[in-house]
Structure formats: structure tokens, C-alpha cells
Amino acid sequence: MQFIDQARITVRGGRGGDGIAAFRREKYVPAGGPSGGDGGCGAPVVLEADSNLQTLLDFKYKRLFAADDGRRGGPNKCTGASGKDLVIKVPCGTEVRHLRTGILLGDLTAPGERLTVAFGGRGGLGNAHYLSNRNRAPEKFTEGREGEEWPLQLELKLLAEVGIIGLPNAGKSTLIAVLSAARPKIADYPFTTLVPNLGVVRRPSGDGTVFADIPGLIEGAAQGSGLGHDFLRHIERTRLLIHLVDAGSEDPVADLNVVQQELEAYGHGLVDRPRLLVINKQELVSEDDLPKLQQELKEASGRPVLCISAAMGTNLDQLLAETWVELGV
């Protein structure tokens, strides 16, 4: 399935139904008064968060969403039927903004959470409203009003508590596959992961914690280079980052600094997010050199450094233990 995390749509509330001019016509009331009913209200457009959706793909091919119009009024002061609400399902984690102003209208994070994004127009008034002492047989009625119409920007930010970050080929997909039931595409070349992958990792209590494998960052990602700019938004909601550094890299310290700089450039508080610094693929470094590398990264980052091998399953229990401590679970 194609992963789409941004979409532009237009929503339009239904038009209100027209009021009508009508008069009572009964056998023994030859000169009945006005009885024109009001028009029904136009339907609103409502967005609803749905936990079964993972992408905004549905909005790639359909951009205009128009709700039902209200019905016109009827005789005997009958009000026309209102339009049925147009409910549009979106993934949990969808932010909704006005396209032209950028104003945040809502952030749908909980399943079933709703946001009305366009109200329908009010129904028109029937001529029964215009009866007066001066005019006993008014012909006047009003038309229904147009519904609201707005251009919207939808932006999906995945709901994950833990984000796994690092340069391409650092082993992020392997780690999430080993820790969870996720089955991302894995290969030994950069940019194998082209979309974020989610996996659920069980806590000691048995509850699940969502981990996200974010496609590899490169230098300049925050300015749009590579894949990082498109997907950094998906770690904005995380509570913890696991930063993987490839032990087999030519310059692991430089790799560390690239990711650090990109987090700083992107902003949104990512650089201050709690983070575990982890050397992956420790089997690629000799037992004598591994402590040296660990010390170099510690001095460069000011953080403790864990050593693991996702592929070999080495020290993963220690990594998870540190993760649960950071999350307070």
C-alpha cells in the first residue's frame, strides 16, 4: 500500500433548503392563512479519526467533499429534511489546517474523535413567518443559505512513543523487526526503507508500545534532502528517540553529528527529546576497539552509549530495559 502522509482537500457544507410560500387549503377554510414551511439545514462535513487507517491515500484521487443539501420546506408548515452529515474517516494522528492561513483547526489523535470542518447553510424561511396584521397573506419566503467551503491541508503524524533514527543503513529496520512483529523491507544498502514502519513492542506489563522506524536521515534532511524532511514530522509526537550509529561506518562520530545537526535544524523540540544513543552492528568491531568507539561517541555526545547487534540479538534486553526506564513504565 502506498504511504501518503499529506493531502489537500476542499470541503463544502450542504446548502440550506428553500422556504416556500403556501396557504392552507381546507374544505371549510376557503381563505386559509400562510402555511409555508422552512427549508432544512444543509449537512456539515465532519472528519473522524479511524484507527484502522494508516495513510491518507484515500485523498490522493478525491479532493472535493460536498455534504448533502437540505430539502425545501413543505405546506402545512412542514420543515424540509436536513442533509445527512458527511463523515470522512482519517487516520489517527491527522492534523487539520486551513490551507491558506495555516491555522491549526484540530489534531485528531483518539479513535472516534471528530472535528467539524465545514458547517451547512441554514434553511430558508417559509411565508408563515411573515404573517402580520398588515399582511394577512404574505407571499414572501427566503432561500436557504450556502454552506461553508474551505480548502484544508491534512498532515499525518504517526502516533508512536519511540522513534528509531539514524543514517541510512544503520540497522533501524532490522531492530524494529527483531523487537516487534513488524516486517519492513530489509537489505544491506542505503534507503531500503522508503516509508515509516510501525511495530508494537510488548512491555513487561504486557501492554504494547508503538515503535516507529523513520527512513534514514542524511546531511541536509531538514532542508529537504533525501527522505528525512518528509518523515521527520513522524517523530514529533514521540516520547523517546533511539539513535542508532553504525559501528561499521568509516566515521561513526561524524554520523552522530550529522543526525544531531539535522534534529537541531528541523526544530520542534526534537533535539531536546529524551534519547538513547546506541551503537549497532557491534560484531563489526573488534572487542578491543569497541570500548574505544563507545568512549569516543560518549565524549562527542555527552550521553551514555549502549552497544547492541540487532541482527545477532545481542544486548537487546538491555536496550529495552533502558527504554522502559526512560518511558517510566
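Count begins at 1; order follows the chain as displayed.
For all residues, glycine too, the Cβ spot is worked out from N, Cα and C.
Record features, source Swiss-Prot:
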type	residues	note
BINDING	166-173, 191-195, 213-216, 280-283, 309-311	ATP binding site
BINDING	Ser173, Thr193	Mg(2+) binding site
DOMAIN	1-159	domain 'Obg'
DOMAIN	160-328	domain 'OBG-type G'
Give me the mean pLDDT over the domain 'Obg' (1-159), rounded to a whole number. 93
Measuring Cα to Cα, how many Å separate Gly166 (ATP binding site) from Ser173 (Mg(2+) binding site)? 11
Within a 10 Å radius of its Cβ, which of these binding-site residues (Asn169, Ser173) has the fewest neighbouring Cβ atoms? Asn169
